[in-house]
Structures are given as C-alpha cells and as structure tokens.
Amino acid sequence: MTSDQLSFDRSHLWHPYTSLSKPLPVYPVASASGATITLADGWELTDGMASWWCAVHGYNVPELNAALQEQTLKMSHVMFGGFTHEPAVELGRRLVDITPAGLNKIFLADSGSVSVEVAMKMAVQYQHAKGGRQRSKFLTFRGGYHGDTTGPMSVCDPDTGMHGLFSGFIPTHHFVGRPPGGFSAPVDAAYVAELEEVFSACAAKCAAFICEPVVQGAGGMHFYNPAYLRIVNDLCTKHGLLLIFDEIATGFGRTGVMFAAEHAGFTPDIMCLGKALTGGYMTLAATLCTDEVADVIGQSEARVLMHGPTFMGNPLACAVAVASIDLLLASPWQKRVSTLSENLSLHLRPAARMGAVKDVRVLGGIGVVETHEPVDVAKAQAFYVARGVWIRPFGTRIYLMPPYIVSAEETRKLCRVILEELESRSQDAPTAAPGS
Ligand SMILES: *Cc1c(COP(=O)(O)O)cnc(C)c1O
C-alpha cells in the first residue's frame, strides 16, 4: 500500500466510530493467515480479536477458500425472491440441527444489526397477530449492545449507547439493570425482585425481552449467571412476552458451548446469529424462531413477515457458512476453547494484582481486563503493534477473543503484552502530559 493510498484513507474513509476531522491511525494490512495478520510493511501481528468475534478458524482457511471458489464458479448471487439454492438450504439444515431444539424457522439477513431488526419485527408482528396491538415496546437489560441500525440502537445501553445523541429519532423502550456480574456468582434476590417489578410495570406494553445471553459484549464485556435467563424466561411466559436471544457474538462456541443458550438450558422464541457464522469470511446473519412464532405470523392479517433484503440468502455467504460450520463441527472446538480459556486465565491472572486493574475475568475463549481509567486507544494500540500483537481495547476494557486455532505460545504472548502495556501506564502516570 502506498503512502498516497494511506493518505486517501485518512481524508475519505470512515472507520468504525471515528472522525474524519481527527482520524485515529490505521494500520495497512497486506494479508492474514492462521492467527497472524501481516501489515503492508511485512510486520506480523498475532491476532487477539478474531476480527470482532468472527474469524474463529483464523484467516486464509483452505476449506473456506475452496467453498467460496467452488460457489463462485456456479453463481455468486441470485435473488432469493422466487428462487432458492443448495447453499441456502444446506445452511438452513445445519442451523436447525445445531441450534437449541425448536428453532426451526430461519430468516437469512445481511448483517447482525439487520437480523436484530428482523427479530424485533417478528416479535411485533407476532404480538399484533395475537391481538396485542399495544405491545410495540421492548424490554432489555442495561449495558447491552445489539447493533447500529435504528431498531437495535434503541435497545442498546441508553447511557453508553447513542440514545442522547439521537433522541427524538430512535424509539424509546424499557430498561432494567443488568444482572450482577459473575458467571458463577450466586443469584441475587434483590435483583430478581427488581426484574419482577419492572416486568409488572411495563410488560403489558412490550412485545419481547431482548438480551445477549450470559455475555454482554460491546456494552462492557460483562458476564452473568445464566440462572437469570431462566428467571427472565419465566417472567416472559407469565407476562406474554417473547424472548429474543442475541447470540451474534456468543454463537459458535465462543463461551465454551455452541450457543450461550445452552448454559441456560432452554430455547428462546427467537435467536439472532451473525459474526462467526461465516468464519469471518463474509457478512451474513440469521434470525431463527420457533414454529409457533412463524405460525402466528403466517396466520395473521399481514400473513407475511415484512422483510426481504436484496442480498438475502447470498449463495457465496451461505456456501462459506456451510463450510465454516462443517469445519467447526469436525474440529476439536470444545477442547480448543477450553485450552484457550485455561491459558487466558493463567496468563492474565497477574493483571489482577496491578493498581490500574479493577477486574480480570475469563469465560470460554474470552479474556477481559477491566481497568479503572479508560485507555488511550491510539497509544495502547501503537504499543501493542510495536510488540507484534493486535488488540483493540475500548473504554476501560482490554479484551482478547482470539481465533480458536491460536497456539498456547501465541495466547501467552497476547497476555504478556497486555501486562506490559498496563505496567507502562503506571510508569507514565506521574509525568504524562494532559491528553497524551
Ligand atoms: C456485533 C453485534 C451486533 C451487530 O452485528 P453487525 O454485523 O455489526 O451489524 C449485534 N449484536 C451483538 C451482540 C453483536 O456483538
């Protein structure tokens, strides 16, 4: 990549959540393979992010490359209105097989956010069909993240999300505090009482409860006891709400089980999948629901589910998703994730003793170091890159979710560089210039 291209990028291309007036630095990537990302100048980085939960098999995976190449030679795309094709059907079959029992109906969407939009529309159409015209609101935990289009934005955390900035534009919904932290922490009776109270107060206006099961991702890398999901499920049943699990981040093994719903031990009414669905190759997502949800919508006045993206069921994306699921199922993924988990725990543990650190937590293939002070992203990232790792912290969260194929040595290196960066902060502290 030339310096001219890089300067074009700085002047013209928005990156996620950035400014074009004051762009943050970006690093030009030439290629990626396994758990290694190679920059344009040849410098190699060990990947700690799996490109935001997606690249569970790592990069440049022969099986996925082959699936894409084969499908390209047949057809890259045809409209899904009036046509169907083998990649979509085979993907559907696998999703019905591997997701919690009862999720038999599938809507293929273009991205995670769109799958959440579809889930929300499904829930509203279902309730309206059942005569609940007043049920057009949603109830959700604070601290959640469900995507960047307007429907999902409206159920993201109201404080750290974009509610203030977009007030008047996005609809308002109902929030309840998020469950207390800790996957194995005992159930807090006071919190359960709060849940019951909030349901009693607003459930009659709500179509569904939506949440990320067990792990709230971009809203704070917060882990909670799956027992709360069973309580929420009971409250949904009692008050006539559907329950939507957003498993876009947690799906496909990341928390140690194939879907985080398995920790809770029941099937939600609707479930969203995305991110690792194609092994990080292409954008694709899916909204699954039970027969009951689909039947009620089908027998409603509208009869149809009112959504249909142009690139729905894209054959290339479906073909690579099929190959990715097959590869995952054929791999020792449970063993890999549990080994990754042990290594993250072992090598991140020393951070817990550092003054700058508030908490260290690990669940499945996710390792989180929470600090007291927010990180200077550009500065931390330069530190990481100089030491050969790719980690992108946000706010007070430094986190790792490497590809499952990462080696023990690579995991150790990722953790070691996090510790070094934290140590360097305490050395800087007395002399750091304001805003540096
Ligand atoms: C990433 C994410 C989304 C949004 O997915 P996009 O593909 O970025 O639209 C929604 N929900 C959760 C839990 C996510 O992690």
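For all residues, glycine too, the Cβ spot is worked out from N, Cα and C.
The shown structure was predicted, so the numbers you read here are calculated from the model rather than taken from an experiment.
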For the pyridoxal 5'-phosphate site, TrEMBL lists Gly112, Ser113, Pro309, Thr310; sort out which one of Asp47, Asp246, Asp359, Asp376 goes with them.
Asp246
Site co-member for substrate according to TrEMBL, given Trp52, Tyr145, Lys275, Gly308, out of Arg392, Arg397, Arg412
Arg392
In Å, how large is the greatest distance between any two Cα atoms among Trp52, Tyr145, Lys275, Gly308, Arg392, the listed binders of substrate?
34
When a 10 Å sphere is centred on the Cβ of Lys275 (substrate binding site), how many other Cβ atoms does it contain?
27
Trp52 (substrate binding site) and Ser113 (pyridoxal 5'-phosphate binding site), Cα-Cα, nearest whole angstrom:
14
Rounded to the nearest Å - Cα separation of Gly112 (pyridoxal 5'-phosphate binding site) and Lys275 (substrate binding site):
7
Spatial neighbour of Asp246 (pyridoxal 5'-phosphate binding site) that is closest, considering only the binding-site residues Trp52, Tyr145, Lys275, Gly308, Arg392 and their CA atoms:
Tyr145
